[in-house]
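Novice: As annotated in TrEMBL:
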REGION    1-41  region 'Disordered'
TRANSMEM  100-123  transmembrane segment
TRANSMEM  143-167  transmembrane segment
TRANSMEM  179-201  transmembrane segment
TRANSMEM  221-240  transmembrane segment
TRANSMEM  361-386  transmembrane segment
TRANSMEM  406-427  transmembrane segment
TRANSMEM  434-454  transmembrane segment
TRANSMEM  484-504  transmembrane segment
TRANSMEM  524-547  transmembrane segment
TRANSMEM  553-574  transmembrane segment
Amino acid sequence: MAPWPELGDAQPNPNKYLEGAASQQPITPDKSKETNKNNTEVPVTRIELLPTYSTATLLEEPTEVDDPWNLPTLQDSGIKWSERDTKGKILCVFQGIGRLILLLGFLYLFVCSLDILSSAFQLVGGKMAGQFFSNSSIMSNPLLGLVIGVLVTVFVQSSSTSTSIIVSMVASSMLTVRAAIPIIMGANIGTSVTNTIVALMQVGDRSEFRRAFAGATVHDFFNWLSVLVLLPVEVATHYLEVVTQLIVESFHFKNGEDAPDLLKVITQPFTMLIVQLDKQVINQIAMNDETVKNKSLIKIWCKTFTNMTQMNITVPSTANCTSPSLCWTDGIQTWTMKNVTYKENIAKCQHIFVNFYLPDLAVGIILLIISLLVLCGCLIVIVKILGSVLKGQVATVIKKTINTDFPFPFAWLTGYLAILVGAGMTFIVQSSSVFTSALTPLIGIGVITIERAYPLTLGSNIGTTTTAILAALASPGNTLMSSIQIALCHFFFNISGILLWYPIPFTRLPIRMAKGLGNISAKYRWFAIFYLIIFFFLIPLTVFGLSLAGWPVLVGVGVPVVFIIILVLCLRLLQSRCPRVLPKKLQNWNFLPLCMHSLKPWDALISKFTSCFQMPCCCCCRVCCRVCCLLCGCPNCCRCSKCCQDLEEGQEAQGVPVKAPETFDNIAISREAQGKLHAPDSKTESTAL
């Protein structure tokens with residue numbers, strides 16, 4: 001803390017705080033307060049001091065800071081039900097029904113926008129994802145297979161799509177089950193990026209964003225930590241391959257019915273009007289089919305007719321004829337008869353882009369922008385509706401139902417019941433991304449705690465693997481066994497991760513790591529985008545490039561980096577637990593430059609960089625900014641454009657009176673206190689409270 005300025009007249013004025021000091025009227029002391037014998041016989045004046053407030057005391061006594069992870073209290077500010085008349089009660093019921101209909105409607109659009117977002121990513125990066133799989137020779141490297149699984153799932157925004165590609169390659173003997181297991185692990189990581197993107201939509205409120213981003217990234221940390229432990233174990237022991245092989249050989253699986261598409265039955269009628277994709281193109285590119293490299297992913301013809309007929313064709317010589325009896329020459333060419341299959345297009349698909357004939361990249365970018373806008377708008381409205389519905393007694397009942405544990409001694413069963421609930425809900429909606437993305441805004445507004453969302457997320461991992469097992473049972477005969485084995489590998493990988501990071505409370509590291517990242521992202525909101533880019537794009541692409549260069553390059557670069565990370569983690573652990581064992585210089589990070597142990601310099605740099613692109617707003621921008629502020633629910637302004645800062649600067653220019661400390665009635669200290677808001681040349685005087 002900076003020292004007080006040395007001022008000669010900075011003395012407290014006691015007369016101001018003495019009551020009755022001006023009038024020296026003697027007060028008769030009572031018997032309990034007689035003068036001492038050693039003192040002179042001067043009448044004692046009773047002095048009553050007014051309460052004073054010491055600045056040093058205020059600084060020394062820390063105030064109680066609320067835990068930012070405590071759930072907010074959603075109080076009902078409306079009229080109580082008992083105070084309403086009959087008309088008011090009927091109106092309240094209809095308002096509740098209307099809110100419920102609006103909530104279901106926007107939730108439907110929210111789920112549809114997630115589906116369109118997945119289609120947009122497939123149009124933008126689907127062919128590139130297929131080319132990642134086309135070179136099966138590099139798949140023998142487990143680390144390379146892991147990052148390929150991450151990148152492909154991030155590009156197509158669907159773990160089921162990447163898993164279906166892997167199943168096709170294993171069934172065609174282009175890929176072994178041993179090489180496919182790391183790719184499955186990478187797909188498990190990549191599928192968690194969707195709810196992390198959804199959490200970015202709640203960036204307007206710091207408290208909501210802290211909880212929402214932590215609730216979304218707890219899934220990321222679980223997957224990353226599970227891979228860091230289980231991938232080396234799998235490479236060393238191949239336990240997933242051995243266990244699933246025994247299960248497949250022990251049970252005689254038969255082709256069954258396809259997995260029930262409970263949610264797609266509702267959403268497909270709408271999403272198919274937007275765009276329809278031929279997902280077999282990505283599979284064929286991964287299978288090195290040269291005929292589909294220039295084929296569009298957008299489906300044009302939905303109804304076709306395939307027919308086989310005999311046609312006369314020319315062949316180079318009689319040796320190429322189908323049979324000697326069906327071979328003849330006309331003196332110039334050799335002819336034969338052959339069965340030829342041809343496809344006849346009957347009816348076009350009924351979606352928006354069927355007659356536009358735009359390239360896949362252009363359609364993908366258009367759908368990406370539209371789906372993100374719809375996703376953001378639906379999420380904002382859903383949060384607003386939930387905030388208006390979940391108030392008072394309703395919020396209390398829901399919080400107690402979801403976040404309360406079973407009574408002792410069965411409290412430990414609550415988390416496992418939440419895992420089953422998450423698995424069941426994911427099985428119903430047929431998508432872990434949809435379930436976790438719908439869970440994220442509930443965490444943000446404070447209905448569900450991070451500790452309760454964690455087992456629900458683990459259950460969604462189990463639910464999506466059971467869906468994959470049912471889908472594998474519906475596979476044709478040539479791909480049945482490989483499909484079931486890969487689905488079982490995915491299932492036992494998630495079970496192993498749950499056994500590692502959930503049963504013992506001490507091992508629930510993803511919760512603590514997610515809360516730490518939530519605190520950082522709430523303070524520096526740009527760090528959330530930085531995290532998303534680094535962990536899901538730059539690190540996998542860097543590992544992919546180093547793996548292509550060969551094992552020596554990967555080991556030469558990776559081993560020092562891993563060693564530095566482990567050294568920093570050990571040093572940080574010692575600094576927090578037992579700093580006395582360290583040298584004095586290593587007990588904190590102050591020996592490093594500030595930019596290496598603090599985000600403040602980077603925050604100032606990014607703020608300075610972004611301020612260069614802010615221009616004065618036109619009238620239209622101001623209107624849009626105000627609408628944005630109203631939708632986001634920002635306290636004053638969300639700084640979405642330059643006009644917000646102009647408004648704040650105008651309010652500051654009007655002048656806000658600042659009162660100096662009362663104990664020190666001094667002009668110099670008053671001016672120093674007010675110097676942060678007023679110009680240096682402005683002459684201000686302190687005002688006593």
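Here, residue 1 is simply the first one shown, and the rest follow in order.
Cβ coordinates come from backbone N, Cα and C, glycine included.
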Novice: Sequence gap of 6 or more, Cβ distance under 8 Å, 3 or more pairs: do the transmembrane segment (434-454) and the transmembrane segment (179-201) meet that?
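Specialist: Between the transmembrane segment (179-201) and the transmembrane segment (434-454), which are separate recorded stretches, there is contact, as judged by 3 or more close Cβ pairs.
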Novice: Based on Cβ pairs under 8 Å, which of the stretches 221-240, 484-504, 524-547, 553-574 lies most in contact with the transmembrane segment (143-167)?
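Specialist: Stretch with maximum Cβ contacts: 524-547.
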Novice: So, taking each listed stretch (100-123, 361-386, 406-427, 553-574) in turn and counting its Cβ pairs to the transmembrane segment (179-201) that are under 8 angstroms, which one gives the highest count?
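Specialist: When the Cβ pairs under 8 Å are tallied, 361-386 comes out ahead.
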Novice: Can the transmembrane segment (100-123) be said to touch the transmembrane segment (361-386) if we require at least 3 CB pairs below 8 Å and skip pairs under 6 apart in sequence?
Specialist: yes
Novice: Let me spell it out: take the transmembrane segment (221-240), skip the flanking residues so only those 6+ beyond its ends count, and list any with a Cβ under 8 Å from a Cβ in it.
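Specialist: 142-143, 146, 178, 181-182, 185-186, 188-189, 192, 454, 457-458, 461, 489, 492-494, 496-497, 500-501, 509-510, 513-514, 535.
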